[in-house]
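These come from Swiss-Prot:
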BINDING   5-38  FAD binding site
């Protein structure tokens, strides 16, 4: 039997490969880089380990399900450690909000910001849980292949006011601006503007309250390695440094996948975990339907990009939380500039990752591994020269962190590297250097998103951030479940 080919060993591609292999379908997993993981790549330098991308595990059950399919337990392959608080949220005014899973502690903190918002938060949590039940548990792994699928979901989505933005819905319950930011920033974790993204994405709050926030011992890369080992234990084949040049088609069927080094792999089906525009524009450029789909996709709104700094210090800043969100002086205005303006803002808001707070093995003794990211416009919004802007932004961020959060940072610096929108474009083939693929606005969600199964090329499937349900680890693992269901129907 010719194997099924999965292009890309990100979380979505890995999860799909495991599901297919566990069901008895031989899978060939092709990864263009020298390590699996996709955006969850790992850098190692002078004893420091840096997770390149996702660092927040919020639905362990979705990962555990993959291992259960093989009759295994997640804990046999990787240990998940609880993270408390989930996030520490900080403002330049000096205000701090430790967001965790203890209702009493949360309400006590909310009381200090605005007593009236305690009841408002309870109502918001009820709403978030209702959206979580409908949008995540019911619809998160259901492929939307026809408009009828969308119509069936429409009444409940209307009841939940899905046309409202995340921020608008939060603001309908909560008065204090700090708290509005605290409960609306989550959509930025999946590339969504809180002022434009559907309020359905408030479900992320309920998701975290339901299952907590976790971190793999050894870093997110250890989870990737655990999933690779599971896939190989099932008999799956992984090929690294396998850069796909194109897919060979006969009529509306893919016959083979070609690599840039000349290798050719016959296949019975292809699931692409690569960027969706790259898949249609570059890998299927000879197929008329793919060209049409590529042109259509290039008119869609893409999510923002990111500027990321990985740095190792000869000092462990134990005053930090594992996850810190550093809000700058502006919120709405800054986000508007990131998503809609041709230029780079003078100010920024940051996410600071300090994993040694939870797992000290990620740095030499007494040292600390860190990364900090700033949301920035993608290259289609602001076509900046990041060889110029990158070093300037790096210096501004290091100075800011040293002043506000990490005294002595620059004198403690052992190693650092940058990852810019150019790198998202060049290393990950991300269209416009987008960090999260298609922007998750309502008119680009569910049926309006690129479908998990192509409607013309009969054995082409999509998995990952660019298809339903969207970005984030729970999203792409959910997409793998949706796509696997379709493939098993078609291939068995």
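We number each residue from 1, going along the chain as drawn.
Glycine residues also receive a Cβ, built from the backbone N, Cα and C atoms like all the rest.
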Same chain, 6+ residues apart, C-beta under 8 Å of the C-beta of residue 25 (FAD binding site), given in sequence order: 3, 4, 487, 488, 491, 492
For residue 20 (FAD binding site): intrachain residues, at least 6 apart, with Cβ closer than 8 Å: 4, 6, 27, 484, 487, 488
Cβ packing number for residue 15 (FAD binding site), 10 Å threshold: 29
Among 5, 10, 30, 35, the one of these binding-site residues whose Cβ has the fewest neighbouring Cβ atoms within 10 Å: 35
